[in-house]
Amino acid sequence: MEVSGVGVSGEAPWKKMSAEELEHQYLPRQWVVRLGAEEALRTYSQIGIEATRRAQATWKSLLHVPYGDGEGERVDIYFPNKVAEGALPFFLFFHGGYWQSGSKDQSAFMVDPLAAQGVAVVIVGYDIAPKGTLDQMVDQVTRSIVFVQKRYPSNEGIYLCGHSAGAHLAAMMLLADWTKHGVTPNLKGFFLVSGVFDLEPMVYTSQNVALQLTLEDARRNSPQLKVAQAQPADPACPVLVVVGQFDSPEFHRQSWEFYQTLCQGGWKASFEKLSDVDHFEIIETLTQKDSVLTQIFLKTIFQ
């Protein structure tokens with residue numbers, strides 16, 4: 001499966017787009033075909049809220065647990081019922097929202113089907129823009145993983161999953177220097193869902209009003225530009241890059257090129273284009289135990 005990407009000249013295709021087209025490419029709600037753009041956002045939010053409410057009513061949980069001193073540095077941890085808390089696989093989820101919206105408090109989409117199979121799920125909060133800078137968010141996500149490893153050292157693997165902006169934050173963990181944190185997390189898998197891995201285009205969209213990224217900021221925080229030079233900490237750790245059929249062409253290009261770069265860098269990468277889902281449905285379906293993505297997660301965790 002190939003996605004059209006770099007042109008003959010080697011110049012990234014987004015650089016040839018008008019400002020209007022670039023903006024359109026990076027507004028996922030405008031590519032939803034099943035609903036209107038605003039209705040798609042409302043539906044996504046409502047499904048997340050309901051899934052979170054259901055998870056808190058169903059599973060043993062620790063809510064708003066601090067992993068640092070910052071106001072946004074909190075996690076919600078959901079455990080399978082009647083199971084010892086520590087010796088479990090842990091699935092950490094980083095929500096999307098273009099680093100400036102979204103919340104852990106409405107992002108527990110996958111708790112029911114994963115907890116039912118014996119997986120602890122951690123929904124990670126972080127300080128979104130404009131309060132938080134991108135560098136701060138990357139640091140917060142890093143420390144949230146360190147927190148889980150230190151609190152549950154007998155875990156049976158930590159699996160990182162991010163959606164959209166959250167996929168970018170999860171991908172940045174491929175580059176993390178764990179030595180300064182005094183612990184190496186037991187990372188066993190990455191699931192990068194409909195992400196953005198080269199942030200340079202974002203500098204020229206309206207999303208940057210809140211983010212205030214400079215070109216230097218964008219490049220420093222672009223895993224696409226860095227993973228080929230990084231040595232995989234564990235060459236056997238799988239990295240799955242996923243995109244939805246109805247994501248925009250730029251999202252398809254970003255995911256495909258990141259997958260190719262991972263392969264070139266010696267990472268154990270795989271690529272999936274999920275049929276019949278858009279940027280929001282791809283996560284909404286995680287509430288279902290038999291969805292394609294849920295099954296991929298479980299197969300990877302229990303392989």
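Just so you know, glycine gets a Cβ as well, placed from its N, Cα and C.
What TrEMBL says about a protein is an automatic prediction, not a curated fact.
Within the same chain, residues at least six positions away from SER164 (active site, nucleophile) with a Cβ under 8 Å of its Cβ are PRO28, GLY96, GLY97, TYR98, VAL193, SER194, GLY195, VAL196, HIS279. Residues or ranges marked as active site, nucleophile in TrEMBL: SER164.
Annotation source TrEMBL lists active site at ASP247 (among others). The number of other CB atoms found within 10 A of the CB of ASP247 (active site), across every protein chain shown, is 27.
Here the Cβ of HIS279 (active site) has 25 other Cβ atoms within 10 Å, regardless of which shown protein chain they belong to. The feature active site is assigned by TrEMBL to HIS279 (among others).
Averaged over the domain 'Alpha/beta hydrolase fold-3' (92-279), the predicted model reaches a pLDDT of 95. Residues or ranges marked as domain 'Alpha/beta hydrolase fold-3' in TrEMBL: 92-279.
Look at TrEMBL and you will find 95-99 tagged as motif 'HGGXW'.
DSSP states for the motif 'HGGXW' (95-99), grouped as helix (H, G, I), strand (E, B) and coil, give 0 helix, 0 strand, 5 coil.
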